[in-house]
Every structure is written in C-alpha cells, then in structure tokens.
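Swiss-Prot lists Cys126 with the feature active site, proton donor. Marked as phosphoenolpyruvate binding site by Swiss-Prot: Lys22, Asn23. Residues or ranges marked as UDP-N-acetyl-alpha-D-glucosamine binding site in Swiss-Prot (evidence: sequence analysis): Arg102, Asp318, Ile340. Residues annotated as 2-(S-cysteinyl)pyruvic acid O-phosphothioketal in Swiss-Prot, with sequence analysis given as evidence: Cys126.
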Amino acid sequence: MDSIQIVGGEKLKGTIPISGAKNAALPLMIAALLTEETLTLENIPHLADVELLIRILNNHGVGYAVDGQEFDDDGVNSRTIHFTAQKIATTRAPYELVKKMRASFWVIGPLLARCFEAYVSLPGGCAIGTRPVDFILEGLKAFGAHIAIENGYVHAKAPKGLKGAHYHFPKVTVGGTHVLLMAATMAKGTTVLENAACEPEVTNLIRTLNAMGAQITGEGTTTLTIEGVKKLQGTRIRVIADRIEAGTYAMAVAMAGGDVFLKNANPNHLTTVLKVLQKTGLEIQIEPHGIHVKRNPRNTTIMPVDIKTGPYPAFPTDLQAQFMALMTRAEGVAHITETIFENRFMHVQELNRLGAEIKLDGQTATVYGKEKLQGAPVMATDLRASVSLVIAALAAKGETIVNRVYHLDRGFERLEEKLARCGAKIQRLTA
C-alpha cells in the first residue's frame, strides 16, 4: 500500500495548476445516462473516484472515448472524455461497485427518469457520518416513484414515468440536489425544489442540463424550478476548477510559507475562504487566470481565526480539516465548528500525533496553536483528513509518513508532484 513521505521545513514557490473539480465532474458524468446522444466533458481530473465512476457507467452501457493530451508542459490536465449512453444495458448498480463511493448512488435519478426503474445498492465512500440518502428517496417518492429497500438495495419504480412535484429539502444537501435535479428534467410537469444547494458544482450541473435541453431556472439560489421535457440531447461543457483543491494549496502556502500562483483557480467560488485566509495573515492577489497567494517572510505569524462550516457560500466542510491543520501553528487559540457532518473530526488524533493540541467538545474543536510540530508516522482516515496531514507535515520538523494514501488519490490529482514542483520535499513510497 502506498504512502507519502514529507520532510518539513521547505517553503513553496512556483505555479500549481488547479484541476477540474471532482465534485463537479461526478454528477456531470452521471448526467450522461439521461440522453442517448454524446455528452462531452472537458477538464476531467485523473482521480480514483472518476475512474471508478467510469466503470459504473460502463456497467450501465455507457460507452466512452478519451482524447486530449494527458498533461501539458506546465502539468495542466487537458483530458476530455466523450460519454455515450445510446442504450441502457442494465438499471442495476451492484454493491461491489457502489460500496466504494457514495456518489455512485446518484445514478438512481437518471435511471429512474429515463428507464422508469432503478435497482441501486445503498452507498459506501468515506466514513464521515450519515449522508442524506433519505432525502433523495423522499424526493423521488414525491415525484411518484415507488421505493422499496430489498437486501441492501433500493428498488425504485415509476411505471408511468416521474411527475413534477414541490419538494422542500429538510436539510441542504448537494448530492440530493444533484439527484432530484437530474430526475426532474424529464418528469411530467413542473418541479420546484426548495432549500436546494447552490454550490458552484450544482450550478455547473444546471448549466450542463440546460445545454442538454432541460428547462431549469433559479441557478445560484436555493429555489430551483424545473419544467419537464420529453428528451435531452448531447452537449459539450467544461468541468469547473476545483475550489477545494485551490483552497487546500492556499492553506499549504499559509502553513509552509512561500509564494505560489494557483493557476485556473476561480476566486468567485472561494470568497469566504479567501477572507478567512487573509485574516490568518496570508497575502492574496486576484489575477486574470488564477489566484496569487503569499506569506510575507517578514511576518510569519499565523493568526488564529474561528470558523463554522456550512452550505455554500459559508466555509466549506471539505476544507475544514485543512484549515485545522493550519491553525495548529497559529499564535493563539482557534475554534472550528462542524455543522455539515457529525463525524468529521477523525483527523484530530493524527494531527495530535504530530504535536498539535486539539480538544473536542461535540461538534467544536478547540485548536491551541503551537510554535512547532514534529514529524511522525500518521494514518489517513478519509479524503480531506489525509491532505490535512500533508499540510501539517510541510511545517513539521523532520520526517512524516502518511499511510493509507488511497484516500488522497480519490480526490487530489498528482498532489505530491504539484507540491514537489514548488520545492516541497515530498515523495510517494510504493510498498
């Protein structure tokens, strides 16, 4: 099993190209099930979750072709994938595939919309708490679907097709919004989704579906209205830049020090995060094709900042672990409150192994900043926790080995290469 070795103490300097967003790419890929025509997606990242979803879609009969240079001289991904679901081979999504990634459950929406039936295993993925599958099933019931749980599978049927409905999400859910949006595109009549997620990744999906012939209004708001259509067509669209990856590398610079240009990062998707990082002392400059981040070598103090995660545009839960790593070196005490997932502090124990002092009280972590961290062997517990350990290790004295980095490969494209290009002493160790 691979691990990552980091020797801390090196400043970062250079350019880091920001990849296409995994959280945007996955629902766009799943949307290919909605049409018999070809859906072409540009800027698809090379990630384990993407490759797994390709296998899942292929199981349903979706053909695909890859073109474009893998990486240019600057390390920028130019991969384009053409997906064609001319015929749906099966409406069954098996446990052996779905158990590996929760987002694979989202196929239930398009399969039900197009084939009037879906038989999908209950999902897997990172073990970071309850995810709102129930909201999805309740929404599909509102659309007229019959739902049964059988031997660990959800069997959904709508023999006469789905019907538009008014549905209020009990809690904001990005995945639930994705699924019900896709399901509603071909439902008969009008659908209104209230308390919907308005993340940039949701907007990317809405624009894709509209380009395919859907009629969705309310983009960027919490109320979405969908007028059902009979058929969707193919289109070509670009996956947005990964705001979580951009925020992660900005925090790495804040932690290790240095001067880095985050190429292709979209500052409009990071407004709250950038404001928080500026409060910590990071210098940020918005440029036409990205974000320039710098920690002034004459002022190396990291200021403590309290944050609370929340639905967009609040501070994203997917950057909570990375920010906690940064706060371990702050000059003072920071409080981090997690409101999205109830079990997303599994990285605390491992950060403490590096010399951090973090105490938990329910959904709030109190981080007591330390002058120094010490390298140690640590173990990744989930995707975002794994990269928080890398960030901490960049500033720790000595060597850190991060084990179980298969979590990292699910969501970060060539992380060790991107950091090494900027001067970090980091390498992958293959067992």
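From the backbone N, Cα and C atoms, a Cβ is placed for every residue, glycine too.
Summarising the environment of Asp318 (UDP-N-acetyl-alpha-D-glucosamine binding site), the number of other Cβ atoms within 10 Å of its Cβ, over all protein chains shown, is 22.
Here Asn23 (phosphoenolpyruvate binding site) is positioned 10 angstrom away from Asp318 (UDP-N-acetyl-alpha-D-glucosamine binding site), judged by their C-alpha atoms. Annotation: Lys22 carries the greatest number of neighbouring Cβ atoms among the binding-site residues Lys22, Arg102 [cut-off 10 Å, Cβ to Cβ].
Residue pair Lys22 (phosphoenolpyruvate binding site) / Ile340 (UDP-N-acetyl-alpha-D-glucosamine binding site) shows a Cα separation of 19 Å. A distance of 16 Å separates the Cα atom of Asn23 (phosphoenolpyruvate binding site) from that of Ile340 (UDP-N-acetyl-alpha-D-glucosamine binding site). In this entry, UDP-N-acetyl-alpha-D-glucosamine is bound by Arg102, Asp318, Ile340, whose most widely separated C-alpha atoms sit 16 angstrom apart. When secondary structure is read from DSSP and collapsed to three states, Lys22 (phosphoenolpyruvate binding site) falls in the helix class.
Taken residue by residue with DSSP, Asp318 (UDP-N-acetyl-alpha-D-glucosamine binding site) is part of a helix.
The number of other Cβ atoms within 10 Å of the Cβ belonging to Asn23 (phosphoenolpyruvate binding site), over all protein chains shown, comes to 25.
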